[in-house]
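So that you can see what the record holds, here are the features copied from Swiss-Prot:
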BINDING   His161, Cys196, Cys200, Met207  Cu cation A1 binding site
BINDING   Cys196, Glu198, Cys200, His204  Cu cation A2 binding site
BINDING   Glu198  Mg(2+) binding site
MOD_RES   Tyr218  phosphotyrosine
TOPO_DOM  1-14  topological domain 'Mitochondrial intermembrane'
TOPO_DOM  46-59  topological domain 'Mitochondrial matrix'
TOPO_DOM  88-227  topological domain 'Mitochondrial intermembrane'
TRANSMEM  15-45  transmembrane segment
TRANSMEM  60-87  transmembrane segment
Amino acid sequence: MAYPFQLGLQDATSPIMEELTNFHDHTLMIVFLISSLVLYIISLMLTTKLTHTSTMDAQEVETIWTILPAAILVLIALPSLRILYMMDEINNPVLTVKTMGHQWYWSYEYTDYEDLCFDSYMVPTNELKPGELRLLEVDNRVVLPMELPIRMLISSEDVLHSWAVPSLGLKTDAIPGRLNQATVTSNRPGLFYGQCSEICGSNHSFMPIVLEMVPLKYFESWSASMI
């Protein structure tokens with residue numbers, strides 16, 4: 001999860017987030033090299049008064065600075081497209097959970113079970129227990145099995161929302177009248193926090209998301225107790 005004064009990304013918990021982190025590092029290195037080259041050229045131009053006459057009109061140079069940026073863009077685009085297709089692909093999910101956004105709470109329905117649905121509201125600050133996080137804790141957590149592909153169906157009952165859990169690499173818009181889907185897969189157990197990431201009204205900041213990823217046997221026990 002996030003911590004105060006954090007500069008980097010949250011620790012990756014899903015294969016998709018691991019790919020996104022690697023892509024971020026890959027792109028950042030390219031940007032760093034380009035910035036270093038530009039600063040070097042600018043410093044040379046500022047510190048020398050000599051002019052190379054052949055560079056005033058050089059077809060070779062113009063060809064290079066046309067082809068080189070195109071090649072760099074390809075190096076950025078190819079891994080980006082790969083991850084984009086990975087995020088959109090859902091293979092044989094073991095569980096489907098329908099998520100509906102409301103002003104200002106989330107409701108969840110486990111479509112593979114009868115009558116397993118609940119609303120999830122933020123816990124007010126004055127009701128927090130020791131160890132719980134302010135503005136991030138909810139009264140009903142979303143319990144899911146770890147290391148298994150889970151399909152999330154996401155929509156909204158009123159205005160635009162966005163269901164986002166950074167450590168899982170998830171951010172999917174909740175649009176009224178439209179059903180979007182995303183894949184949830186966690187490599188380890190734990191609590192993972194997110195929030196609504198689309199400004200949706202005065203209480204937009206008070207729509208937290210808490211996923212509790214547990215081993216399959218614990219999930220089966222929890223689901224049996226909820227039905």
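Note: Cβ is positioned from N, Cα and C throughout, glycine not excepted.
Features as recorded by Swiss-Prot, highlighted on the structure.
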residue	record	contacts (Cβ under 8 Å, 6+ apart)
His161	Cu cation A1 binding site	Gly101, Asp173, Ala174, Cys196, Glu198, Cys200, Met207
His204	Cu cation A2 binding site	Trp104, Cys196, Glu198
Tyr218	phosphotyrosine	none
(message) If you count, for each of the binding-site residues Cys200, Met207, the other Cβ atoms lying within 10 Å of its Cβ, which residue has the minimum?
(response) Cys200
(request) Select one residue from Cys196, Glu198: among these binding-site residues, choose the one with the most other Cβ atoms within 10 Å of its Cβ. (result) Cys196
(message) What does the DSSP secondary structure composition of the topological domain 'Mitochondrial intermembrane' (1-14) look like, as residue counts for helix, strand and coil?
(response) 0 helix, 0 strand, 14 coil
(request) Sort out the residues at least 6 away from either end of the topological domain 'Mitochondrial intermembrane' (1-14), same chain, that have Cβ-Cβ distances under 8 Å to it, and list them. (result) 20-21, 24, 166-170, 184-188, 190-193, 213
(request) According to DSSP, folded down to helix, strand and coil, what is His161 (Cu cation A1 binding site)? (result) strand
